[in-house]
């Protein structure tokens, strides 16, 4: 076994895509800036390749991306990875920069072995309620930590704020906001507070070209991404929400286009359905309002919903710009004026920042 410094924390990383690359850059800077505890990368993998050695030798952060691309090693199966990390004799943090359900399902296993977890992976915290309970029970028993700030609103301090409100005894009555950068961009362009905006299908096409949507825009327009984020916040606020499909979620995909073969075919056929969205926009305009795609949690009535709502032009949700997120917390202490968090809710750098910030929280508690 490698010799262990008392002030050493081992880091294992799964996922080296967009967010993963940004995180690696931030981790390298962090390790240089804060020499204690010594942060040692001992395992990194993508879905196909890995770098690690049986005696937990440090992997250089300087050229890790090119070394990973050239590696001939295959990733360890998750149960084997738990054993590998658990055998190092050092405190260890697993950073999961994927959106993999399989990795998420293994969190209780990692945590029960004392391996802390930080991640932007929404699936672990918005899947079945049983997995949620198992994750926090395993952490509670072993003392390992689990943080997932970037699972809602990227680097925006949404989850930490909600936890602080709840933990200090405030009573959260309602949470409301725009939780999707894609939906924010689409509606700010389609139904701006001044001017007329473009045709719905043209705005969706533009958002796709600018990289604001998933490769198949239906993965954004079905509302499930927002529903996952709402599930996480509702659970943190004390509601035992079973899954993201256990409450009303409005899909913006025309019924007839749900089953077309590809995203490209969907975009091709979408203009024929513009009239529906034009009518929705006109109804709001006639009432002096704009339409936005929002999520809301009413804690008292235990109601969670995702879909289109109309807002006065002066409302903070109406006045959002670009692809910003906005989250309003209505609580007993804050009264009729909510605590509002607003800013970029997507993008590699800000998502990785949330992960790095979570890593610092873990280090402050275990090192």
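Backbone N, Cα and C define each Cβ position, glycine as well.
The active site, proton donor annotation in TrEMBL covers 229. Annotated NADP(+) binding site per TrEMBL: 15, 16, 17, 18, 19, 20, in sequence order. Look at TrEMBL and you will find 98, 122 tagged as NADPH binding site. The feature L-homoserine binding site is assigned by TrEMBL to 214. Annotated domain 'Aspartate/homoserine dehydrogenase NAD-binding' per TrEMBL: 15-149, in sequence order. Feature annotation from TrEMBL assigns domain 'Homoserine dehydrogenase catalytic' to 157-360.
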Per-region confidence, the domain 'Aspartate/homoserine dehydrogenase NAD-binding' (15-149) (mean pLDDT, whole number): 95
Neighbour-count leader, CB within 10 A, binding-site residues: 15, 18: 15
Which of 16, 19, all binding-site residues, has a Cβ with the fewest other Cβ atoms inside 10 Å: 16
C-alpha spacing of the residue listed as 'active site, proton donor' relative to residue 18 (NADP(+) binding site), in angstrom: 20
Residue among binding-site residues 15, 17, 122, 214 with Cα closest to the Cα of residue 229 (active site, proton donor): 122
Binding-site residues near residue 15 (NADP(+) binding site), in sequence order, restricted to 98, 122, 214 and a 10 Å Cα cut-off: 98
Cβ contacts of residue 122 (NADPH binding site) (under 8 Å, same chain, 6 or more positions away): 99, 151, 152, 225, 228, 229, 232
Additional residues surrounding NADP(+), by Cβ distance to the 15, 16, 17, 18, 19, 20 centre under 8 Å: 21, 22, 23, 97, 98, 348
Most crowded position, judged by CB atoms within 10 A, among 17, 20 as binding-site residues: 20
Which same-chain residues, if any, lie at least 6 apart from residue 98 (NADPH binding site) yet have Cβ under 8 Å of it: 14, 15, 17, 121
Neighbour count (Cβ, 10 Å) for residue 229 (active site, proton donor): 27
The residue listed as 'L-homoserine binding site', number of other Cβ atoms within 10 Å: 14
